[in-house]
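Positions annotated as transmembrane segment by TrEMBL: 36-56, 76-96, 103-120, 132-156, 168-187, 199-223, 259-278, 298-318, 330-346, 352-372, 392-412, 418-438. The domain 'Major facilitator superfamily (MFS) profile' feature in TrEMBL is assigned to 38-443. The feature region 'Disordered' is assigned by TrEMBL to 450-475. The compositional bias 'Low complexity' annotation in TrEMBL covers 465-475.
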Amino acid sequence: SGREVCAAGMVQQEPGGAAGEAAAVTAEVRLSRRRWVVVLLFSSYSLCNAFQWIQYSSISNVFLRFYGVSAFAIDWLSMSYMLTYIPLLFPVAWLLDKRGLRLIALAGSALNALGAWVKLGSLKPHLFPVTVLGQVICSLAQVFILGMPSCIASVWFGSHEVSTACSIAVFGNQLGIAVGFLVPPVLVPNVEDVEKLAYHISIMFFMTAGVATALFILVVIVFKEKPLHPPSRAQALIQSRPPEEYSYTQSILRLLRNANFLLLMVTYGLNTGCFYSLSTLLNRMVIHHYPGEEVNAGRIGLTIILSGMVGALISGIWLDRTKTYKQTTLVVYIMSLAGMIAYTFTLSLGHLWVVFVTAGMLGFFMTGYLPLGFEFAAELTYPESEGTSSGLLNVSAQIFGIAFTISQGQIMDRYGTMAGNIFLCSFLFLGAVMTAFIKADLRRQQANLDNEQTVMRSGERPEGPRSSSPPTGCS
């Protein structure tokens, strides 16, 4: 539920390539003031969508009783987000490349608002199918959201701030999950009276629909396709490339032939899939060991996300300063495993404060890893579209997320929560080992260095923008 940038080695040397590089060298690189408004607005509607993902799972016992359905049915409200993403990634990534950021932003925010309004029609116990429909519409919105952070960061931000911008864009998704853990247990208390319960649920749904609609209107007014001038040399090089040089199918094939990216895709999927499973089943885990603690279960989820947001911000700033992508990713992965082990063996001790501490440690690294994966992928795959590379990472995450959620849920039902968490620990260990084998082939960094050296050799500062025919997407 996170939530995501453009680099060199694979530019096709076709006719027009040399002219494109010359245009990139002479293009005026300038930062737009609007960039912060764009990334914060994106973060806001991403927040709203992520809230709608976790709002059922964070009080799963309440919705289970209200609708009279099984725990597995409530889990599927969360897993629907993962399931719809897998077949729709490629059509939406193609749209992002061909039609650009603004159309994708409009579609994502509109579907998010529509899904929120549909849920208002599900306030009776027999209307569970309506709430499923609303959640599926929201899950469609998510497909238009998850691949955007690295693309927005690349198109709008300079090379010295691109990792920080990506972290902020991913932030929204993470903060939405945090709010989704914190607010539903407060707004929807576990009361016996079905009419009162429906009233409390309606307050939550109305508030969500109002916020989602306001954000859609803001996107219509504020969100622009791209800044007037490219923000970095790497982006100038990409924008100077004629559209006919770019083939979406060829781009995917090049990504799937990139061994380092394939390794990252699997390791990212393992880590994020564990996070999805943990988030979906957290309420069940905590309630099992601490009956009646719905509100604290939500607060533990909040702790995981907020500490992860701090971790994401720190790692983004660290990457911008050091460019140590491989080393940072590996350390954070190993610490995610350590955090998961600590959480696993302290959950059943009977001390809630200990669970808060270990969950905070787990979140700092596991959630903090999310923007790291996007940024590392953008470096390994430049100049391919970040929308495509981050989309493939997310497909991996959704597949593992569904598999882990179903498997861990079944293991918890049969063997207990500790066995379910040990199951996740084993896959995090596998991911950490595989991460060690990824080579740090930082192509985007090399593209920026090459362009700076070319400018220095030319002995002149760029004077102004050169006309070119850039692709409409972030590729």
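Here the Cβ of each residue, glycine as well, is placed from N, Cα and C on the backbone.
What you see is a predicted model, and the numbers here were worked out from it, not measured in a lab.
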Near the transmembrane segment (259-278), which same-chain residues lie under 8 Å Cβ to Cβ, leaving out any that are not at least 6 residues past its ends?
1-2, 78, 82, 304, 333, 336, 340, 366-367, 369-370, 373, 376-377, 380-381, 389, 392-393, 396-401, 403-405, 408, 424, 427-428, 430-432, 434-435, 437-439, 441
Can you name the far-off residues of the same chain, 6+ from the ends of the transmembrane segment (298-318), with a Cβ under 8 Å from a Cβ of it?
54, 58-59, 163-168, 170-171, 174-175, 177-178, 180-186, 278-279, 282-283, 286, 324, 328, 332, 355-356, 359-372, 375
Can you tell me which parts of the same chain pack against the transmembrane segment (418-438), counting only residues 6+ beyond its ends and a CB-CB cutoff under 8 A?
260, 263-264, 266-267, 270-271, 273-274, 277-278, 281, 285, 326, 329-330, 333-334, 336-337, 340-341, 343-345, 347-348, 376, 380, 400, 404, 407-409, 411-412
